[in-house]
Amino acid sequence: MATTTTSTSSLPYEKERRIAELAVQRAAILSKAVYNSKVKGTLEKSDNSPVTIADFGAQALVFASLRNNFPDDNIIGEEDSGDLRSNKELASLVFKAITEAVYSNTTGQSSSESSSSNELGVINNEAEMLDLIDKGDCTDSGKGRVWALDPIDGTKGFLRGGQYAIALGLLVDGVVTVGVLGCPNLGEEGGVLLSAVKGQGTVVRPLTSDFSTLPDPSRVTMNPITTTSDATFCEGVETGHSNHNLQAKIAAGLGITKPSVRYDSQAKYAALALGEAEIYLRLPSSMKYEEKIWDHAAGSLVVEEAGGVAFDMYGEKLDFTTGRTFKKNKGVIVMPKAIQEDVVRVVREVAIEVYGGKSSL
Ligand SMILES: Nc1ncnc2c1ncn2[C@@H]1O[C@H](COP(=O)(O)O)[C@@H](O)[C@H]1OP(=O)(O)O
């Protein structure tokens, strides 16, 4: 990773980037508190994926910040309050976790939170929290300003103390324009906060436990490799989320001999931007699965602004205009621009042979 100190003052989307960073940092503080507590409130959703107090709490906190600062914007969020409304005990635990982690003393708010709470939004009671969680039900991602949030991406990683990410992106007319990734278990102690604005590059800062300030940023760029055999793959941990056998064959075809880095969540995009690996490959384990836009919006911009590109497995751009899920893309490949031609050629050939052509979508 190359890093240089940078200034981001008076630039387009400066407020959006700052609020998104602070909102993600606040949600990260909550997620760490939940991880360190005995009660995580884990439930299984209808698709058999887990959801915890941290997922609901982080979504409520980030939405409070978005509502407070950008009340006219639409939001797409992974969670809704259904499971909490039918489980009052769990709803109370989520509100308690927020109160303890963020509004931490009984006389009101902790000193650092009190200075920022007006700006980042306060959640006054459980009913307000449930209503906020439901603000992420937008279905049209292609028009106007739409935020896409995965409050805890990689919940399985979160639960086992591995990688997870709080991922927040702003789409403007379907184009990812601001992307923020909070990765509490990546890099230095306490984790890292990456952010990108289209055309302005990607920066990283340490994640802190301060609600109102952000440490100085450093600019990041992907490793500038020019040969695929110099690359390291970054893949998911969960074998059910992508086809690891096929990915291994592609790695061999690209002359890659180094072992893959395996991370849960959009921390994979962060790892590429930070130079821990160069290629992220996600080949579908089932063609029926539609990737969710909140799983790729923030990460794809963070990588693109660090010198990379994010395509589907056919080598076409990710299309964020199709609602809550990708309808025109299957699989994801991410790599530095310098090797995109070689990687796309190999992955595309395999994709057509194994999954059929794009017309079969
Ligand atoms: N069958 C599947 N194929 C691909 N991704 C999946 C599948 N099931 C769940 N996911 C998504 O994988 C993400 C974690 O990815 P990773 O394997 O890279 O850590 C989760 O956020 C989850 O999305 P979501 O829970 O948003 O529906």
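Glycine is treated like the rest: Cβ placed from N, Cα and C.
Bear in mind that TrEMBL entries carry predicted annotations, made automatically and left uncurated.
On a predicted model such as this, the values are computed, not experimentally measured, just so you know.
Taken from TrEMBL, the feature Mg(2+) binding site applies to Glu78, Asp150, Ile152, Asp153, Asp295.
Locations of recorded TrEMBL features on the structure.
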{"residue": "Glu78", "record": "Mg(2+) binding site", "CB count, 10 Å": "23"}
{"residue": "Asp150", "record": "Mg(2+) binding site", "CB count, 10 Å": "32"}
{"residue": "Ile152", "record": "Mg(2+) binding site", "CB count, 10 Å": "31"}
{"residue": "Asp153", "record": "Mg(2+) binding site", "CB count, 10 Å": "30"}
{"residue": "Asp295", "record": "Mg(2+) binding site", "CB count, 10 Å": "24"}
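Reduced to three states, the DSSP call for Glu78 (Mg(2+) binding site) is coil.
In this structure, Asp295 (Mg(2+) binding site) is part of a helix by DSSP.
Summary of the Mg(2+) site environment: with the site residues Glu78, Asp150, Ile152, Asp153, Asp295 set aside, the chain residues having Cβ atoms within 8 Å of the Cβ mean position are Asp55, Leu149, Pro151, Gly154, Thr155, Ala165, Ile166, Ala167, Ser265, Gln266, Lys292, Trp294.
Checking the binding-site residues Glu78, Ile152, Asp153, Asp295 against ligand 1 with a 6 Å cutoff on the Cβ atom leaves Glu78, Asp153, Asp295, in sequence order.
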